């Protein structure tokens, strides 16, 4: 937002410098990005007086002028402008001056006549587009004075970065409120003095709004007898200073009010509006409108359109239509002021790539209460600058009047959030200076009515933040956080985020690196993983086409991380992410459901290349071991791993269950999918349901068990099994025998002979007695029971 200090001082009596203003606003959260001096390039230009003008003896179109610039003898200047005449006050660039376009003025001879400077046009000075002749100045301008002083131009402009939640600051008025707040200054609004004449015009146009949510307010005023011409210099130069191109007095007023009050306006040629009505409604699919830039736009049902009785006349909140624009022939004007739904305007502007100063403000929300004041101020200016007659009455429709939210404010809550003591008087005065109405009938729980321009006031924390902002965030001393847990909460289940944090520490301690990805992904990312279309939640106003839906799995983000790391030359990757996934759920109050997930991705070299090791890549055993370690960390025993029939993007895929409840899956990313992410080796992924794991963890009871005193005895057994037999089936069978001395079984080796559809599986069994040392004979007897049972019950041989 470009803020002219001269313009600002019409609202608040601020006498400081631009730097002082920027420093204070920055501390209030409105960062000063740059101080611009828009007319620095014409600082050397002086006011001259044309003493005489003679025709050039060698060129009919040139004049030889003697120009007094207040430096003694008049200067000889050759000028080619047809409108130069003796007695004029004119802008003069002296020898040595660098013009805005980069040209340096030098002594020269033009057709034999010496010239010691240049008499300038508006375009040469960057003060307009007029280049038909020189710029003629008022006779009151002092000879030899600097042009910028005599024109009283806006010399300093602050470029203020406005955060998306502070739409109220996208105007001189909005920033003036902040300056008044920061420096304790009074705020003065421009006075209204409406001179209305003629018959009532409130019924000149009927305003129809079928859907109030799309347009809460639409009204306008009628002006007749307007003369469309160039705006006065003060308005043109002020608009130029803040980056707006002057067009004509009518259009310039609408832009002036937009920058001054933050309310976009639009002026129609009333004679070109047909049918005596205006309708604001959704466009029909495929409907067309030629906008002011001359481009024909094809509209969708998501666009908001303004129509007269016969045709579209404007793309609401974005740009007006070419058919009803103000031209030199216009004399009757309909001045529109309205409020539109921000999301609708944002979507249309993004889709069409048509961002304007108006749409930028409508997207963020405008002040519905100030809308009428802005329209009346614009009408007053148009009447004064064009000679128009303002008709009494307003064409008005407000189907959804503004309802000011009433929020609670508890000083004790503010002190708890900020960690500081808050003075009651300071809090009340701050809220009132912000424009709030404070009902302090309950001293501990105030009722605060938010002002219409602060659409970001939605909850108590917003008011507390404002109090802290005005007090000064830099005055709040940092303190170490205190974590207090009452004794009556001892043993209670930990919070979801505490559970997440413990898992993150576990994963980091295991050597995994945390990934944090956007919740937004592209439809094509989910399609690529063969994920179901049903249940996806689209984003209404996506930042990009690649982020137009909420993720239904964490895998897309991790696979993108994989692609990036491979591109950076990382040979081995160990990633994890703890986050939510989202699915549509018609039974939910919000029509959506969030689920917590822990995903782990391993890829490439098993060991760090800096350590001596046998070269090997991560495989199923690695990802399974990590999952088993996680379950052990959560004190969850008895996990089963069962081959899944199918999975959208994992093959093979194994279901992981604990106590009969599925807690996730592990498997290899399908090669064709991994290849699309530039993976040249197997990528293994685990997807665990944290909601289920947390429930199981909270229900788990840890019992004390003394450490074993007597040594274990181990026996290995190798079975030849068909390739279709799962290892889990063998393990489950051995453990299912419930041998009293058997305390553990693990797979230690797999051998697959060439040309045979079988594999040799070697298991290591651990035996132990709690109160004595085992003898070999009794251990061998237990092993024989296992061997006999395996041969009898399973298709294996020892």
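Each Cβ is built from the backbone N, Cα and C atoms, and glycine gets one as well.
Residues or ranges marked as domain 'tRNA-binding' in Swiss-Prot (evidence: sequence analysis): 39-148.
According to Swiss-Prot, the domain 'B5' annotation covers 402-478, on the basis of sequence analysis. Mean pLDDT for the domain 'B5' (402-478) in this predicted model: 93.
The Mg(2+) binding site annotation in Swiss-Prot covers 456, 462, 465, 466 and rests on sequence analysis. Secondary structure from DSSP puts residue 462 (Mg(2+) binding site) in a helix.
The domain 'FDX-ACB' (708-798): residue composition by secondary structure is 28 helix, 31 strand, 32 coil, according to DSSP. Summarising the annotation, Swiss-Prot assigns domain 'FDX-ACB' to 708-798 and lists sequence analysis as the type of evidence.
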Item to complete: For the recorded Mg(2+) site formed by 456, 462, 465, 466, name the remaining residues of the chain with Cβ within 8 Å of the site's Cβ center, in chain order.
Response: 454, 457, 461, 463, 464, 469
Worksheet item: What is the Cβ neighbour count of residue 462 (Mg(2+) binding site) at a 10 Å cut-off, with all protein chains included?
Response: 16
Discussion item. Long-range neighbours only, meaning 6 or more apart in sequence with Cβ under 8 Å: which ones does residue 456 (Mg(2+) binding site) have?
Written reply: 165, 166, 167, 168, 462
Discussion item. Check the DSSP secondary structure of residue 456 (Mg(2+) binding site), expressed as helix, strand or coil.
Written reply: coil
Practice prompt. Rank the binding-site residues 465, 466 by the number of other Cβ atoms within 10 Å of each Cβ and report the first-ranked residue.
Written response: 466
Discussion item. Going by DSSP assignments with H, G and I as helix and E and B as strand, what are the residue counts for the domain 'tRNA-binding' (39-148)?
Written reply: 9 helix, 38 strand, 63 coil
